[in-house]
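Quick look at what TrEMBL annotates:
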DOMAIN    9-333  domain 'Acyltransferase 3'
TRANSMEM  45-61  transmembrane segment
TRANSMEM  82-104  transmembrane segment
TRANSMEM  132-156  transmembrane segment
TRANSMEM  163-185  transmembrane segment
TRANSMEM  191-209  transmembrane segment
TRANSMEM  216-232  transmembrane segment
TRANSMEM  287-305  transmembrane segment
TRANSMEM  312-331  transmembrane segment
TRANSMEM  337-355  transmembrane segment
Amino acid sequence: MLLAPARLAWLDALRGPAALAVTMHHAGWTFIPGVWAEVDRRIDLGTWGVFVFFLVSGYIIPASLERRGDLRAFWTGRAFRLLPLLLTAFCLAFLLVAAGVLPAPPGLGDRPPLLVALGNLTMLQELLNLPAVISVTWTLSYEMAFYLLCVALFAARQAHRSAGIAIVLALLAVPLGLLLPRAAIGDGADLTAALLGLAVVAAVALTLLGRGTARTAGALTGGLLALALVILGSRGGTWQGVIILATMFAGTAVYRAEQGTISRPAATVAVAAALGCGLPAKADPAWAPAIVLAFGAFALAYALRRRRFPRWLAGLGVISFSLYLLHPLLLYASPNLPVYLLVLIPLSLLTYRVIELPAQRLGRRLIASGRGDPAEASPPPPR
């Protein structure tokens with residue numbers, strides 16, 4: 001198993017527990033609902049896990065983009081990081097449904113199949129109000145929106161403004177949430193969902209294939225569409241959706257403060273704004289403790305980032321995407337919690353080695369083979 005460099009091992013040490021927390025949240029309600037009801041009344045472990053993921057993505061994704069300095073390389077890397085396992089999981093889900101092991105995803109047969117495919121393959125199904133093939137992929141919709149915004153800011157040379165963006169998003173989340181408590185993109189808005197989904201595909205394609213002004217226009221259009229989708233399409237409400245974006249940009253602000261491109265007080269204010277405005281975003285007593293502890297776990301791991309982390313903990317982080325994506329598929333196929341965990345972890349290790357790792361290596365080779373053309377690179381953001 002390939003582990004992250006020592007300087008990034010703290011991120012894997014966060015990803016592993018985050019994936020297990022989401023796994024245990026769903027497994028608890030499935031296998032030990034009475035016990036889990038008492039746990040969930042105090043803290044929502046699923047929320048804790050996904051907010052840790054959002055903070056980690058906020059920290060590492062802009063760093064990855066700027067390290068490459070190439071929008072095509074960034075999108076290629078993301079595609080080979082996410083899509084191979086996602087497509088495999090989709091196929092496995094359909095096989096399990098056909099075999100009667102898994103129930104069919106809610107609403108899957110109520111919308112046009114091509115539209116559902118568009119939503120799930122672009123990972124925007126949550127923000128387009130489309131059925132998800134695998135329920136937990138709702139978080140990938142916000143990750144995708146964040147990628148689009150990062151690309152837009154990079155192309156516009158505004159990527160260094162992450163702290164200010166986090167603060168503005170956090171402060172806007174409250175009034176926007178009060179004005180739009182529910183998604184404005186309706187459950188049956190097939191034409192709207194199709195047009196928005198295709199517009200995002202076109203924007204990314206223009207970013208990949210265009211040059212100069214056309215590439216910048218594609219990137220900016222993608223960013224504007226992403227922001228609109230989060231504001232208008234968040235099924236959990238606009239307040240929660242915008243706070244998720246603010247949280248990711250707060251993670252970016254921490255990265256920039258570490259690199260010395262913004263001040264530590266600016267990053268601190270960004271984190272405080274995202275946390276403070278996010279606490280009342282959901283009327284659930286288990287929500288606020290989960291958010292506070294997610295930010296706290298990120299802060300603790302960041303403080304210890306120069307220390308060595310146990311190899312097994314970092315290893316869990318390496319297979320965290322497999323853990324996260326595959327665990328819902330095993331819930332109905334497992335007789336009890338111990339068997340569930342005994343199958344899930346080795347299966348995730350297998351899919352990482354057989355699917356994720358080879359795909360990532362192929363993506364890196366494709367990126368390397370496309371280097372050398374100055375027209376392909378986008379200028380770095382100002383420091």
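Glycine residues also receive a Cβ, built from the backbone N, Cα and C atoms like all the rest.
Small disclaimer: the values here were computed from a predicted structure and weren't measured.
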Cβ pairs under 8 Å between the transmembrane segment (216-232) and the transmembrane segment (163-185), at least three: yes
Cβ contacts the transmembrane segment (191-209)/the transmembrane segment (132-156), at least three under 8 Å, sequence gap 6 or more: yes
Recorded stretch that, among 82-104, 163-185, 287-305, has the most CB pairs under 8 Å to the transmembrane segment (337-355): 82-104
Long-range environment of the transmembrane segment (82-104) - Cβ separation under 8 angstroms, sequence gap at least 6: 120-121, 123, 133-134, 137, 140, 321-322, 325-326, 329, 332-333, 351, 355-356, 359
